[in-house]
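Asker: I have a structure here, written as structure tokens, and I will follow up with some questions on it.
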There are 2 protein chains.
Amino acid sequence: MPSIGIVTPQSMHFAEPLALQSGAQIADYTLMYETYGTLNADRSNAVLVCHALNASHHVAGHYADNPKNVGWWDNMVGPGKPLDTDKFFVIGVNNLGSCFGSTGPMHVNPSTGKPYGAAFPVVTVEDWVAAQARLADKLGIEQFACVMGGSLGGMQALAWSIMYPDRLRHCMVIASTPKLSAQNIAFNDVARQAILTDPDFYNGDFYAHGVVPKRGLRVARMIGHITYLSNDDMAEKFGRKLRNAAETNEYAFGFGIDFEIESYLRYQGDKFSEYFDANTYLLITKALDYFDPARPYDGDLTRALAGTKAKFMLVSFTTDWRFSPERSREIVQALVNNRRSVTYAEIDAPHGHDAFLLEDSRYMNMVRAYYARIAGELQ
Amino acid sequence: MPSIGIVTPQSMHFAEPLALQSGAQIADYTLMYETYGTLNADRSNAVLVCHALNASHHVAGHYADNPKNVGWWDNMVGPGKPLDTDKFFVIGVNNLGSCFGSTGPMHVNPSTGKPYGAAFPVVTVEDWVAAQARLADKLGIEQFACVMGGSLGGMQALAWSIMYPDRLRHCMVIASTPKLSAQNIAFNDVARQAILTDPDFYNGDFYAHGVVPKRGLRVARMIGHITYLSNDDMAEKFGRKLRNAAETNEYAFGFGIDFEIESYLRYQGDKFSEYFDANTYLLITKALDYFDPARPYDGDLTRALAGTKAKFMLVSFTTDWRFSPERSREIVQALVNNRRSVTYAEIDAPHGHDAFLLEDSRYMNMVRAYYARIAGELQ
């Protein structure tokens, strides 16, 4: 399947302050975004793709000066792909507070002339969606054919359906949940504590000290990574294989690397700590923790979704223990209670939470079929 | 049920060097232990209780000068309790490398005159068992009525049955596993990395610097604690309850404590970092990772257990996702393959891995009945 090829990120500045759920506001901000495909004449074929934890606006294709920097959902979005850019105008947008170009903690706070750091306000899924809606306004898109996302991106899609029911015809929520469990929050908080207690964090103002809290970020990423993979998948890929299996195949009796899984996780942690911003990590985990659209309705998700108008597609993966199928079924049930149109697929995939990013023909074919249906409605 | 009351720890010094699995040796060492009940005339009623991660020789009762310091398995061991000290002579022993009195990294290395620190040798489950066997020798116990333990303690019991088949008549392995999975190792390694990268760790020689790597220990404990509890139990106990539920019941929009589960985990981490030794934590997680009695037999657990002579009892707990029932069943199957006598109970308990330490009448009654059977054999 060909990729969409070379793409170019764009930026949009917003001079009007954005009021946030916390009561704070951002005076002005910039959002990075990319678009793929062509907006049709009646502006009815736009699809918004919302990103998860460590992703960005760079959903598909690659950059002219960096062919290896391929978009995070390139297997999903492109010509002839499940979300077919020959038929749809696709927008990837980087969220507020991120470290990939949109205004975030490492940018200058206009009120102090120094990087925001700890002063960057806590943002929520709903704040991100409000900012995305303004981007849609500026791009002249009144109504999306679909808003889609996986994991935290799925939360944004769900929030769109609640906040702007008339602005999307379809909503695709993949490997997501209506709210984090205590265990989900626990993992997030340990990751945050690793960052917050790193002496190089300096209460979020490490930029001024010329250091980066790499130790904390590294541990945070290692913890997160364990929850993205399934137990079975880890067992199959790594098992108890020693890194020196081809040589001595003996235990090292020290605290270096014995097992392949250690090597893999430390590598993932190291790599992440090289490019990700610690304040962004904190912000994003908080957005995850806070997401709970049923909260204003005493926990009643059916009431929370009563005002939605979109048609929904949900997908979950059997071995995802971060956001298990049960969590998707809660959303499906609440939508059914509201007599919404819902398509739901539970994919028997071994790859845990990460499955939503991976090639799996049953999964991809489900999404492809659903977009074919949406494309049919465009005629 | 009355507790055994006031108990007094004892220590035993061993002047003969102990050769370790790594090839290193410990020149001389001390083991802390406690005993409860009375050794009968033919020395046939001794039971050894092996401890898990952060426990010690203090299995039951309390200390005269500290009535609140109750043994970690006081609900299991005592007069009239499942392991009845009116019938059995019970020994709790603190393992080598621990931080509760037995020789460990914080003690003086006789070859340097300074604390061992990083120089303390890596010890394995088999090393611990070898040291325990020497203690049994000195106490004049040729054969135990039973060796028992939960989790890492269960690994020691299993190792006893393999290493000293004639020295135990029964072996009780609770909430344990024949080896760690890749996911188990992954959690251990993240915890180790949190400690190893704490600037106050000083490569294990923090004693000389007058500091303790509390940040690392705290994060390590928080990670561990998540794996001891079940998802369901955490959901029921904490859910998404806010700490300020009785006051504003609003999100704080910061990185302090929002949720009860955060408060609980941070408290557990703080408390642990006040008393546990960082080098001990590293050693114990390595002992867990390395345990794999089937390793010399190309992974064939049946062959590994072929030489055992004990009768076995295994217990697992349905919601234990750290060492799931499946892992206990592997041991049961290998024992059955060897035509050993095996009693196996899978307890439907909500408390995850921690269930082995908690009161549960079905669990306790199973253990009680098994010990009644052993007591019957004493006549």
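For all residues, glycine too, the Cβ spot is worked out from N, Cα and C.
All TrEMBL annotations are machine predictions without curation.
Residues or ranges marked as active site, nucleophile in TrEMBL: B:SER151. The annotation active site is assigned in TrEMBL to B:ASP320, B:HIS353. Annotation source TrEMBL lists substrate binding site at B:ARG221, B:ASP354. Per TrEMBL, the feature domain 'AB hydrolase-1' maps to B:45-359. Annotated site 'Important for acyl-CoA specificity' per TrEMBL: B:ARG322, in sequence order.
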Asker: What is the nearest of the recorded positions B:SER151, B:ARG221, B:HIS353, B:ASP354 to B:ASP320 (active site), using the Cα of each?
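Answerer: Nearest in space to B:ASP320 (active site), counting only the recorded positions, is B:HIS353.
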Asker: Which residues does the residue listed as 'active site, nucleophile' neighbour through Cβ under 8 Å, counting only same-chain ones at least six apart?
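Answerer: Listed in sequence order: B:ALA52, B:LEU53, B:ILE174, B:ALA175, B:SER176, B:ARG322, B:PHE323, B:HIS353, B:PHE356.
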Asker: With Cβ-Cβ distance below 8 Å and at least 6 positions apart along the chain, what are the contacts of B:ASP354 (substrate binding site)? List them in sequence order.
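Answerer: B:ASP354 (substrate binding site) has long-range Cβ partners B:TYR228, B:LEU229.
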Asker: Translate the DSSP assignment of B:ARG221 (substrate binding site) into the three-state scheme.
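Answerer: It is helical.
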Asker: By the DSSP assignment reduced to helix, strand and coil, which category contains B:SER151 (active site, nucleophile)?
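Answerer: B:SER151 (active site, nucleophile) sits in coil per DSSP, no helix or strand.
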Asker: Mind looking up the mean pLDDT for the domain 'AB hydrolase-1' (B:45-359) in the predicted model?
Answerer: 97
Asker: Would you identify the secondary structure of B:ASP320 (active site) according to DSSP, in three states?
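Answerer: For B:ASP320 (active site) - judged by DSSP and reduced to three states - the answer is coil.
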Asker: Sequence gap of 6 or more, Cβ distance under 8 Å: name the residues on the same chain that satisfy this around B:ARG221 (substrate binding site), in order along the sequence.
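Answerer: Long-range Cβ contacts: B:ALA191, B:GLN268, B:GLY269, B:PHE272, B:SER273, B:PHE276.
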